[in-house]
Structures are given as C-alpha cells and as structure tokens.
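Enquirer: When I checked Swiss-Prot for this same protein, it listed these features:
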type: ZN_FING; residues: 121-143; note: zinc finger
type: ZN_FING; residues: 153-175; note: zinc finger
type: ZN_FING; residues: 285-308; note: zinc finger
type: REGION; residues: 404-466; note: region 'Disordered'
type: COMPBIAS; residues: 427-437; note: compositional bias 'Polar residues'
type: COMPBIAS; residues: 443-458; note: compositional bias 'Basic and acidic residues'
type: ZN_FING; residues: 538-560; note: zinc finger
type: ZN_FING; residues: 657-679; note: zinc finger
type: ZN_FING; residues: 713-735; note: zinc finger
type: REGION; residues: 864-890; note: region 'Disordered'
type: ZN_FING; residues: 995-1017; note: zinc finger
type: ZN_FING; residues: 1023-1045; note: zinc finger
type: ZN_FING; residues: 1051-1073; note: zinc finger
type: REGION; residues: 1267-1297; note: region 'Disordered'
type: COMPBIAS; residues: 1286-1297; note: compositional bias 'Polar residues'
type: ZN_FING; residues: 1657-1680; note: zinc finger
type: ZN_FING; residues: 1722-1744; note: zinc finger
type: ZN_FING; residues: 1778-1801; note: zinc finger
C-alpha cells in the first residue's frame, strides 16, 4: 500500500486507533496535539511510539526525494515538482514553462503533462524502470553481487542455498504442492496519486504512457492487433498472442509433475493447484505414473485414460479452469491463517473507510419497503435511489466521501463468474448483509444457526472490501472472490462484479446518441452504433449478405451451417441464439407459473368512472367476419392487450420487453422498438426521393415501389395494375359481391373492414347511453358492484390492480378442499359467457367435474356461484339474432380459462375425494368401486349430466390430450400437439396470411389452403358427386355436398334426441333448450365463444373420418409420475407390469448413436463377427448376428411362406395366424397377440415416446415410426435425366437429335429367322471420325445407304453422332431375333475435334456421301477401293442383342482397300505401317452358326501373314476353328506423337481384348476372323481396335514353343494367340480408327525388347515379370492359384478380364464412369428396371422369382448369387485369406479388411494419397497394338479364355 493512499484515508476519515481527522480549516496541517508523536514530514500525530516508527519506515521506503509542501505528492524529478506547485496557486492558473493561462486548474493539470519528465528511475545496467529510489538501490545491489563473483541463491522456504537460479527454481518445485497459487498477486490498493498519466475520458491515472495508451483503447474501441488467420482484432498484444495459440495449437506451458500441457500459464497454475496440491481432508488417490493426486477414483481413472493410455497427449481442456474454480470454491483454509488474515485486515487504517462504502452500498441496494409479513416478490425490481444513469458503486463511493472511480467497465474483461451454493449453504453473503443492515437481526440469526454452520463460517474468511468493491470478499486458497450483494454469484475481477450488478440495478449507463436505447456494457453500445452508420463490413461467404457487426454475421452463418449451440436445459431443443433459447425457456415456466400463481395478487379492485363517459372512450368490438364455417369475431387489440397484461396473463419471463408508455409487452426488443415509435412519432426510415418517413424498413420498401412506377400486381379481370398487393386486394372487391364484414351492432355488411369500422363509430353514442345506465344500476346495489364491473371489464376502460391470489397451487394441492371455499369475487371474470366459450354456452352447472363423480361436492358451490352471477349486460342492441354465433375469444375470458380452472380443480378433487386414489388403484382393472381417475372420467356419466353429453367428447379430448397438447395459444388457451399447428392457429387471431396467391393476390394461413384455392383458378373440378354428378374443385366441398344425399344424421341433441347432419346445426338447435335470463339472451355474448367450438368440433369431425380408432384413455403427467414410482407386486398381471414400465420409460429417450462410436465404447468379447468389428458374449448371439450379413432367413412360416432370421420372431408371427390374443390391456381391455404389441400399445396411455429423431425434435412410440420418419430427412432430389456424355479430349458434349427415329419404312419387313443384311457405301464411314451426333440418312431404291452431311446440319454441332434409324434399312434388309422397338438407331460416334479438322482440311463432309457415281471423297488420307475386290463384314448378332450400341469415343471404320491402294502411315521411328482397312459390303450369315462377328480380310499380304502364323493345320477347314486373341492396352497419345496424316486429337483410350478364331484362308486368299465377344464390343466396351502390319516384314514371327506351357502337345488343332506389348516409342502409335494388325520382325532379339515389357506382364503377387500374358496367366494359376492377372496400376486391384479392369479404371478418373454411359437395353419384365448386360438382368430376375441356383454342398443352403455362396463357403473352411498389413487379423472379405484398416490403422488417408498420385512413367503411351509373339497351345486349354476376358 502506497503512502499517498494511507495519507488520503487518514485525511478523509476518522480512524479509531488514534489517527485524527483534519478539519476543513486545517489547510496548512499545522495543528498541535499534546502527548502525541508528530511526523515532521506529513504532520501526522500518533499516540504510540510503535505506530510512529512504523509510519516513518513507510516514509523511508515509499517516499520520493522531492515533496510538495502543500499536498502529500512526491516526485523523483525536481522539475516535475515545480510544475506541480503551479497547480496550487490561487491566482489564474498559468503554466510556468510556456506561460499559457487557463481558466480552470483541471485544464492546467492536463496541460503540464506535456512538460513533465519521466518519473521512473532507470537502471543504467539493464534498463529496468523503478518507481522509488529504494527499489533501484536493491536492484543495483544485485548487479554489484553479480560483478563481485558467485552468488548464493537462498530458498525462502527452507533456507537452502544454491549457486545458480535454475537450481533454485528446480528446488522450489518441491514447495509448489503446498505453496502454489492459481492467481497472480495483485496490489489491490495502488496509490495512483503519484501517477502522472491521466486518462482524458475518465480521469484514471497510470504510471507509464504505455499503460495509458492501452487504457484509452477501452474508451475508443480501437483494436489494432488483428489475427492474420481469422481477422479477429484485440486491443492488447498479449490478448492476440493468447488467441494465436488457438490456431497454432501450441501449448508451451507444460506441467512439471505430469504430462499435461497448457496454452496459458494461468491454466497451468490452476492445474497444479488442483491436482498437485496437498489434500488435507478426505481420502486421496495417487496416480502411479505421475504425481497427480485426486479426491475421487473416477477423476483418477479419467486422468489415466487421457494421459497414460498411449494415445495422443490430451491436455487439459479450456474448461479445466472452470473445474478448478468449482473445486476450490468451498475448500477451507487453516484456522490460524484465517485468524491472522482477519487480524491484519482489522489493523489496516482503511477498514473504517471500507465499512462506510459497504454501508452505503447496502443502503442503496435495499429493496423498497414492503408490507409487514410479506417477502418481496421474486420478480420485483429493486428500488435503487441512484440516478438512472449512475452506477451504484459510484454513488456509494461519493456518499462515503471517497474519491470516485470510473464506472465504465472494460468491455474485453472476461467474466469468470462462479455460482456458489444457495444462501442457506453460503452464510458469507447473508452474514455481511445482516451485520450492516440490522445488528439485532444478525444476532438472532446467529443464535438460531446450527453448530455446523458456525463451523463452516469459522473456516471461511470474510474480509471487508476495499473502497472500490461493493459487497464482501471471500478469499480462499489465495483466490479473492467478490460476492454480489444481490445474489450468490462471485467474480474474480471487480470490473466483472460492477458489470454484473447492473443486471440487478437495471442500470444502463451507455446511451446511444442517435436513438433512445441504452446499454449496460460499452462494447454492446459500440456494436449498436454501427447499425446507425449503415456500414456493413461483414459479408457472408455463402449468400454475400452483409452485416454491421461480426456477431450478427456469426448468428447468420448458423443458418447455413445448421449449428445450434444453445441447448434448452429442460428439453432437447437447440437454438441458434441465446435470445431464442431464453424465450423458449420462458415457455417452460409460463403455464406452471400461472397454475402455481407465483405472482400473488390482491383481489381485483375495479374503478368505474362516476360521470359521463366521453364517446371516444367507448371501446368498440371488431367487425364480424362472415366465413363458410360461420361467423368469427376477432379480438379487439386494445381490449386484448389491456386485459392480457392487467390480468397478468403474461409473465415477465415470456414477454420481458415492456412499453413504458402503455401496458404492452413483447418477446423481442425489436418489436418493442417499433411499437414505441407509435408513441413517439419517430419514423427513422426516410424515403430518399420524397422524404417521407416510415416506422419500419418493410413499409419503406413497399413505399419505394410507388416511385419506380412498376406495377407488378395485375387484376386478372380488368387488367388493372397496382403497385402493392394490398391495393390489388382492395381493388378486387369491386369485381365481387362478397361483403364478408358485418357490424356486430346492426348486422349491416361491408366489403372491407375499414368501411365497417367507420360505420361502427356511429354506434358509440348508443353504447355510451347503455354504459351510463349500467353504472347507475351498479351504484344502487353496492353488493354486486364487483361482479357487474367484472362482466363489463372488457367493454369499458377499467383499472385492475393485481397483487396476489388467495392461495398458491401448492396450498391447493395440499388441501384440495380449499378450492371449494373460493369466494366468487376471487375468481376474476368467471361469468357464464366465459364458460360458454369452451362448453358451447351450456349452463354453468355443466362443468367438468360432472365427469368425476355424481355426488360432487363442488356442484353445490358452483350452483351457489351461479345464483350470485347477475344477468349479463351488454352495450349491443338486441337486434343480433339468435342464429348468429359470434366468437369473442378473449375479452370475455377470466384470468385463468374456466375450463383450465375446472380441469385443475377436478383433478385435485378427484384425487382427494376418491377413496380409491392410491398407488395400487392405478394398477387395478376398472371396476365399479376402485378405478383410476382417468377411467372414471370416461365411464361415469349419468342421466343427471345429460346436458353435458353433447360436449363430452370435446371435453374428453381436452382432458386426455392435455399432456400431449403442450403447445397452448396465448389468445384463447387452445392446445395443440405440434408447434406448427399452433403457429397456423395463431394466424387466425393475428390475421396474418403469409401464403399469397400469385393470380389473385389473396392470402391464406397455410400452404394447403393455398393449393386448394389455386385449383379454383384452373377451372378444373376433379371431384364429382357419384349421386348427382355435380363437380367440385376441392375434396372438402364434395364432402360437404355429400352430406345432402345422406339420410344419416349422426349428431343427436341430448335433450330431444333429434338428429342433425352437422354439429353446427345441432348446436344451433341445442340453444333453444337452454333456459337463460332474457337479458343474457338479448345480448350477443351468449353466443360468444361459440365459433371456436364449432370450428374445433368440425375439425374433429373431419378428423373422425380419418381416424376410426376410439378415444384413447391417457394418463396425466402427475398420474404417470405416480405410476413410475410404483413397484408392482409379483401377483400383478402382465398388463399392470407393462404399464409401470411404460410410465417409467416416459422420460427416457432412445437416440440413435454413432455406429463407430458405439463400437468403440462396446467391450470386446471372444465371439467376433467375421464380417464387421462387432463381438458377442455368446456364440448363439454371433450366429444370429451373422445372418444379417449373409441374408439367411432359415425360419419359414408354413402359413404364408414368410421367412425370419430368428425363431422367436417366427413364433410371434405365427400367433397372428392363430388369432390368439393372450395379452390384454387392463386399462382399455384391448387384446394383443404378443407382449411387445402390448408394450407399444401401453405407450398410448402413458404418452411415452422414447424414440427420438436425431435430426429434429420429434419423438415416436416405436422405432419403426422413427425409421419411417427419418426417411423424409433423406428424401433424394428428383432424379434428373442423365444426358449422354462423350469422353474426348475436349469437354463432354451433349448429342443433338436431328433424326426422327420413330418413322418406319414400308419396305422394311421383319422375319423371325432372318439376318440383318444390306449394302453400305464404303465411303460412308471415314477413318478418324470419332464423336457424337445424329445425322439424317436414307436408303436409296437400290439399297444403298446415303448419309447427308451438309454444312447447315453441322454448323451448330459440337459433337456428331451418326445414327441409323429404322427407316434407313433397304428393301433387301431382313431382321431376325430383335425387337423392332429396339432398333431405332445404330450409333456411330465422331470426335468433334477431328470433325472440325476434317472440315477445315478437305471440306470432306460438305458434300453428300452416297454411292452414286461421280461423287468421290476429297480427303487425301482416304483411298477409293477397287470394286472388283470383294470384301465383306458378316455380323451375326446374338440372341436378344439390340443393335443400338453407343460406342463411346470410338467407331467401327470399314472400307475396302486393296494391297496396292493401302494407306501408308509413317511413325517417328521411321517404320512404315500399312493400314489395312476392311470393308462392310454385306451382312451374310451361315444358318445355324454361332453368334459372332466375322471379319473377312481380302488383303493378300494380311492373308499370307495369318496363314503362316496359323501353321499347316490352319488350312484345314475341317479342324477346330483357331482363335486369335488381340490384347489392346490402355495407352495415351498426344497430338505431337501422331502422324501428320492422322487428324486425331488426344483422347483417353481404354483397353479391350478380342478373342477371334481363324477358320483358314479362303479360296480368294482372304482370311476370316470371328469375334466371339460381340456383346463386349457392341455394348461400348471398345474404343479403337487397330491391326497393324509393318511394310518391312509382313509375316508373323514363328510360334513360340515354351516347354513350361501345358497343353501344347494335346490333341486338336493349335490356336494362334497374338499377344500385344507396349511399343518402345509412344510416338510410333497411330491412332487410326480401323482394325490393324502390327507385327514385329521375327529377328527381334530379347535384349532389344522394350523396357516396359516387363511391367505389362508382371505378376501382382510376387512382382515377377514374364514375357507374355499367357505365361503370366499360367504362372498365376500354378503358383498362386489365381486367375486375376489384370491389375490396376493405381490401387493394385486385380481382375479376370481386361474389360473389368477397364471399367474399374474409370473410377480413378474424373467424370462419369464408363458403365454409367452404357445403354441399358436389357429391361426387367417385372419392375421395368434396365441393365447394360444380360448377366446383370439374369441376376436381378432372381429377386423376383426367388430362384437360388447356387447350393452349398455342406449345409444345403442356397443363394441367388455365386459370390454369396463363395462368401458362405468360407464359414465352413474357416479361411481368412485377406490379412491386415498392420496387425495379425484376417478377414474373409477384402472389403472387411479395408474397413478394418481404415478404422484401426487410419488406412483411408494412405489409400487416398496413393489414389491421388498414381504412378506415371512420364512418357506418353500409345494404344497401337504391337503383336510381339505367337504362342501356340492346345485348343482345349484356351476354351475358357473367352470367359477370362
């Protein structure tokens, strides 16, 4: 504590220890006190020598050398003292440096700060700054010791000495367990009198300029330190550094005792104090791995699992600080320490000053005096005598005489609020407050306190606070907690307490200069001011919407992300903002507070005016709205709000924002703000064009449209245009004769409510006369004044003073008979009309309690109350007919709705009066004597209550569904089961109609009504009456019409048994039976409240047609809670036990857990599933579980054939066939066949819905309903038609259909056994044209095919697809085995880039391609054929094959070329390839031959090559056909590697293997190759198949004889296999669209083979390379037993066929997969599903037929797929071929192994990495097929070769 602070207190206060207080005249401090020790420096006197000596030592330690002789300030620099002395001059304040004069001393003080020199003393050695010379001297001594030599560092705790400071620090850690502190030691009482840097805003002084700079940022809001990662700004560099740790994840502060690490040093200190400090009381649990100590075993287990389980080091979370605070809150200090601290606190001279401040605070904070014997209300605001804009702390300081401190709180201070125990357990706060307010009360309380409380109080230390802190301070374990004087909250920082106190005082010192709003915290004001500037600097990255503050942006972003961080503590709902949650939480307490009557009130006092009432003050009703359902009268807004708030229907928690001009309250502050403008006349939203002001932005937007001249709302009748929808709606009244608004006084009708209201003002004089008559009658009889005024409360201006109700709900619950003694005046407004709202104008005796018991004690009291109720008066004339039923839904209601009152009373009375109401009665079956409350409400009705039967069903519905109808309307108290229903109902009160019709502008309350209305515009009347053929637009209109044809009259009058078709007619009739006073019947109020019932009953009638189930008996919340506590006896029935179980599970919620998290939490058992990571205790459980994976259902029902996985399910199912229902419900006597069905049914009675949707707040009775509901959350988007895509070097282009394929040619005829044949022009199809388009084509009379490729048809095309329609078939074409509907087109694709180049080079396609003479192609790369050379391609389609193949990125190019006319193409290596182009001049087929594609090649050179390759046996036509396998690798080409004559563009090429058989050389030297896999080619599996023959050596190499190959010497003709290999140079590839065969010279040495050859034939298992694919296949079979030799280079997956590999490779490429582009021509006859392959269709068909052709030989199980059988067989063999590469686990399926590796070893990341970086050689690859060798094997060995590929 500084000297100046001591002097300040000494001069301002009287200290009882002897320090005298100076009077005002003692200005020069020259006073004399005898026998006192006087200080010569400060002239203070002390009675004792010890005090004087201590005081002098303070001078020596804290004084600066230069002292002011007129005040206690001292200075280190003499110049600063000179400047200071000029402030004491009494004359004009003048600066001694610049001689500038000032009018005020304060201005001079601020000015001389510019001239002051640095006061701090700087160390010349290290530059450290010090305030006092003594501090500098101590510091310099350290430097001298360092220079002198070694220094001994002594431990202050144990006096040990160490040579280095690091050793001392290590040693001090041993004392940390005892002397650790979680907070820094601050000097709470800083002497700021000597600080020279003053804040210009608040006057606070600081020692350093840097401190002042940081402080000023609090006032200016400047945040210069911005985060580079997220843009967040801070006002201090240290805060930014702390924030950056969140991004970096750095935790530099490591605990020395355990592995924990922290980002902040304070968290580390708190951690050390919490887990490493000594625990004095109670058991402790020590960690075996580190030195952590815990008080509970659970904390130790949590610590071990986090820190010592080998996982990542989980440092203590950010919430650990909060746990530290909670843990240390009630830890006690040693008694000696407490006493010592208390003694030191009392010895301080400032204790009296502190007590004065606390006294002032408590006086200011005392609530207003309340009546004796009553405690202040919980919600009552504290009456504070401070000004509205002043801080209570500031006022207390001023009253106590201390210097004031700034009240502005630091906006950036974090509030470490800490809620302590309640006052009963925390005597600290109460003791302080009692001591200060009333000592006598405090003594009495101390006498009554128990010894335990006294012990607790002794263990805790209470210190009085400093002058700056209100309330008390509780210090615990070195932490000072500042207790709020109003509540039990505690804070570490005084500034946090100051801000918190404003919550209680409602002080908002920070006012907005531009509007009326004020705020408690300056940061909130700063954010608010940004809304006035119009600057919206924060933009949403999703929708680009801008916001003025970052907080608003954060809340908005939650709309996009769906984050709802604020959860309700009472239910499962979550909210985006805390304000929404706060509003929602109030709804939980709203009804309970109303029921419990927490806000007690006195009986209502009604003050009625004595003199004439002015006409404008007469309240008018709202116009009656005429609808199809009846007459509806809306609530008058002024009467509703007045009654609503005066009668306390709304609690403060629900509508916290109240208008201080009127009684209205709102849920949101923005609504209040807009409402207040109606009082103040403020219109802040100005139109920039005309200057008009508006109260809201929405009205301004609508107004701006009037300036634009845009009239977007048009009348459909007269074409008139209007600016707004309201103008159009008003205009539409001209075109119709509807007059829906009726005056409630004279029944005159109007088109608009505005005109009706104008008319209704003419009735005010009549109403005023009636009111005067009513007042005169009221003054005659004083005994009935209260009751009459209650009836007129909604028709006149009254003032209701509410204080308290006679009894609370708790008292009523304890003594239900008290409800019977209520006087009528206590039940505010329970007139007959109010009951009529809910009970359809029944007499008051028709109350709910008639359902309880015939001998109800309440009936007499109700009858007595009815006799006391006078005849109702009304301001309306008697002209309103009886037939009108007017809804007056609110202003006639009592304080509590009458039905609600009677429901509460009936429940309480029935519980109290029924002798059978006990725990066991709820379980007993219903009987005449003992039955539960719910059953009695249903079953007991007698002839005495016949008048209630009409409303019984409605009454039951309200009673039974009360627990489920939790959403209540604030206007009429009607209950709903869903919030959406309530929302729609509220619109009937507010008049909101958000759903607008686009055609006529009418608004509707729901989208369903709008949809029905829109049908009226279409004129379509789809609903016809089957009796009279009348048509209606909606189903509801038809339903109402059908009632006219029905002779049934289901609605019976309970008085005369007359029947009616509708409830409306029945209720109108029932009114005739009612005996009510004439005055009551004369008013329109008797019918008031009827429409709500009519609407509700009609709605229930409509729902009755949908639900045929009878009414369900439902237990109330109290009954269910009582049932849950019951333990049923052993003799109880199954139904009774199930009822108790269902009641107990009502609050249980079964949520869907994350599967992976659930598997991790579950314990591991010995019986593990081989398909998934689950494990089970019993082998039988595992067997049942495995059936989920295998799909096995061994238990089959003999009755219906249904199969089940478990036998118990079959047993339950069989009971449904027998009809036995052994389980009966004792509540409603319904019977069920299984116990599970009974359990589900019992939830209807208890209302239990344990199954909660994880995506919303809905709950369901069964998991199946939840599952069905969850499907709505995953509803897929409507499937879009997939557009055909083409992979090419450019983008995928959409085809344009230019051909009408639906037309047919009369010359086409279809025969069953014929083959498609025809003549095609060889020049029609050009080499190198690959793409996609549909071109028109036709067939001439001679059978020639003509395709017209004109410039006009190609001008707008990017991709061209050649499509041959059905009408293109010539007269000699025959079709067999093909559906005529499937031959609409034959697709050949042309690459768009090639087409473009072709058009540019030779204008090839500009002419008509036809077979007419005189037309020849002009392309130099294409040669005309010799017509004398026969050439043909014979195509025989397989059975059921559709000739509609879409060959993706390829085409089949055919053309006749002789040997002399061959096209020469030159590659980069200098070799010339002879392109052999084969022709397609006819489609012929031998009858009965296999379905295959035969290529007859007439080129002599190719024939010779094939003949030599085939060997001598090949010429024999009688031998077996030889097969040639053409393997085309997937290679890439670039434009640079293509020959100059080839117009090809780069494209991705796929792989295809063709198995062809050679039947020998024909007589014309031609060789025929037959392609067996026609389906693979025609379904789009081919890209480009090239057969090249080099010009150098036109011979195939000799047959390779490998002794290792099996089957070579076998019988049968040898077969020729042409094996491909990768070319040495990628540029040698010529991507021609033709069948080419490339041979390699037979003299090719093995050393000259390409280096990539090994990779092309490399074993996937052992990485061994082979020279050919055949050798590799043989090796894979013999060594590894596998046939999958085609491996993916990316993911190493293996396939049997190259086509499968090709399809798989598409998964590694971007864009649609190849399989998705294949045409799905094979359709299922049952479900119309289509497939690309017949095998897929065959497998699919087994689903419908139930065929299971694959049988297990060991257990006779059958499966519909071979793969399922293979998986099943592994169960018998126990084989687990797929081993995990990281652990020893094995799996039967590779997918399970991958799943295991992803979960257990995080293999997914590595897999993605490898997939994202496939190995590339860096060279461009070619797809040209180089046939390297011919391998001869026996034909039998290669029979399965076609299946492999």
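The backbone N, Cα and C atoms fix where each Cβ goes, and this holds for glycine too.
What you are looking at is a predicted structure, and each value in this text was computed from that prediction instead of being measured.
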Enquirer: Quick test of the contact rule: Cβ under 8 Å, at least six residues beyond the ends. What residues does that give for the zinc finger (153-175)?
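Expert: For the zinc finger (153-175), the far contacts come to 256-257.
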Enquirer: When you scan the chain for residues with a C-beta under 8 Å from the zinc finger (538-560), skipping those not six or more beyond its ends, what do you find?
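Expert: Contacts of the zinc finger (538-560) (Cβ under 8 Å, skipping residues fewer than 6 from its ends): 232, 527, 530-531, 576-577.
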Enquirer: Using a Cβ cut-off under 8 Å, which residues of the same chain at least 6 positions beyond either end of the zinc finger (1023-1045) come close to it?
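Expert: Counting only partners 6 or more residues beyond its ends, the zinc finger (1023-1045) has Cβ contacts under 8 Å with 1012, 1015-1016, 1061-1062, 1102.
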Enquirer: Using a Cβ cut-off of under 8 Å, list the residues of the same chain at least 6 residues beyond the zinc finger (121-143) that approach it.
Expert: 60-65, 76, 194, 207-208
Enquirer: Which numbers of helix, strand and coil residues does DSSP report for the zinc finger (121-143)?
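Expert: Its residues fall into 11 helix, 4 strand, 8 coil.
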Enquirer: Run through the zinc finger (1023-1045) and tell me, per DSSP, how many residues are helix, strand and coil.
Expert: 8 helix, 4 strand, 11 coil
Enquirer: For the zinc finger (285-308), would you mind checking the mean pLDDT of the predicted model?
Expert: 77
